[in-house]
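Copied from TrEMBL, the annotated features are:
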- 6-24: transmembrane segment (TRANSMEM)
- 36-57: transmembrane segment (TRANSMEM)
- 77-98: transmembrane segment (TRANSMEM)
- 179-198: transmembrane segment (TRANSMEM)
- 204-221: transmembrane segment (TRANSMEM)
- 233-250: transmembrane segment (TRANSMEM)
- 340-451: domain 'Plastocyanin-like' (DOMAIN)
- 471-573: domain 'Plastocyanin-like' (DOMAIN)
Amino acid sequence: MNPWHLLLLGLVAGGTIYFGLPVGRLSGLGGKARAILSMLSAGILIYLMVEILGEAAGDAAGSVQAAVVGSETTLSAGLKVLLLIAGLLIGLVGLVAVQEKWIERGLRESGTRLSYITAAGIGLHNLSEGLAIGQSFAMGKSALAIGLVIGFALHNATEGFGIVGASTRTGERLSWPSILLLGAIGGGPTFIGTLLGSLWTSDFLSIFVLAMAGGAILYVVKELMFAVRRETAQRLIMAALAIGFGLGWGTEVVAATAQGGKSGEEHAVREADGDILPAAAGKPGAIAPVSARESAQQRQMAEELLHEQAATPKILPDGTKEYDLTASVFPWELYPGATIDAWGYNQRVPGPLIRVRVGDKVAIVLKNDLPQPTTLHLHGLAVPNAMDGVPQMSTQSGTLGTQPEIPPGGSYTYRFTVTDQMVGTHLYHTHVNDDFQMDMGLHGVIIVDPAHSSAKPPYSVEALYEISSFKIGGSEQENAFALNGKAFPETPMLTVRRGDLVLMRLVNASAEEFHVMHLHGYTFEIVARDGNSLPQPERANTITLGPAQTADIAFTADNPGQWMFHCHILDHTVNPSEAGDGSAHQIARMGGLTTFINVQ
């Protein structure tokens, strides 16, 4: 779907509001008929108000829950609550005042004025609907965008009747120019939101706009209910109110069906281990996809890690090698169509490769830009105890741990001198809320070389694959798997020449899962485990790695061809999808921990 088609769909979704507006041209209706039509309109508006304010309040409540457990900052959650309250007040009081000042001068009849206020409130709501359409398009979900257009178009058709309900109640006959203007005010924002949503969205703006729309509609409903309080046919009037509410609900069901059966967003997810996450955390498609340029940059990062391109340190006056790591939240594309809010170091998953040599003095400065506390643990390195990265915790016997947690906005410097014990391939990772934070991407690799390397490297090619796991789509188990931060078909592929002696370093950065890595076409030698060289290499074609374990394998590339390298726990070689792990009726395509070694 190209952008022009998207804008046309936005126009269709908003334009159906005109279907109900011609009711405002009806004349000759008796008082009872006008009251019934007015309450039919009020019922639609009541459902719409409940939906709007419920969504805004739910989003704010989800942020408060997330702030309580530390997965969102208190400032962010507090701002959303303030925007909710401010939007409601502006919609209920401020917008009404503006309408009275700007419109009532030329429109003396209160019914027409209420119709304009209703149109403005519905227009704000429809802005959020347009944002949803545009956002779906931006995520590459064209089918979902079309489904939303169908649902919202039906919903907007009933909203048109809701707009003119007030003027119908007072017996006013709206002019065609007024109907055209009311439609533009109420339906036009759907088109505008579609355009904006395909370019930019904001949770803060969404809460504010929805609350303001709900406040404006609340005022209109109050006025409509007040106007019929003395009517004699109260049973018919209340029946019309209920029918109107049902019409509003029915069109919402259609829209919800287009979204996969959900009438609203899940505001929080509680994992089995107790973590409470905002709905977007770890969900592919929950945020805008990265740009084509960012996607290419992230693939390049995976290639650089494969070829062991390490971070360049700052050299301090005393010779210390200083590495800066910043832990933050950022969009990361696991594979096409699956972009998550990753937590990682220096805007990459895994973090930058750190490579040092025996005798080096090292300082790693970790700055915390996360919404949670964190620390850094250098797994397998016998650093001084104060540098071990274990957060302090209170027990009955006293305080345990090696350092205070690094709070959001804080920093901590890890200093150590590299020793012979540290030689080899190792993992570094967070040590706060470990299961969650590691599965969000807070891990990386550190390679320690001997003090003196031989003049001629023993291997023609050295390569690195860091294996990681993620929980996406609300899963409580690790269900997405990556090599150097990318799942197949985006995994980096190694190309070597025939006759090359190849060393591949493997690091399992998963918080929970074992991985059984298998190389087709070769028997390799396991030359090191957990950074320790084996006196007698093991010959194998499959190697098992538990969480945080590392291994170095070597082979001579003497069998040309394209050879698959993958995990033999085979549900680790598919990406999450409706096909699951495959069935008699659906084929699960290769994904996850799959790549190829090209021997030329």
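Any Cβ shown, glycine's included, is placed from N, Cα and C.
Helix, strand and coil counts from DSSP across the domain 'Plastocyanin-like' (471-573) read 4 helix, 55 strand, 44 coil. Per-class residue totals from DSSP over the domain 'Plastocyanin-like' (340-451), listed helix then strand then coil: 13 helix, 52 strand, 47 coil.
Per-residue pLDDT, averaged over the domain 'Plastocyanin-like' (471-573), rounds to 96.
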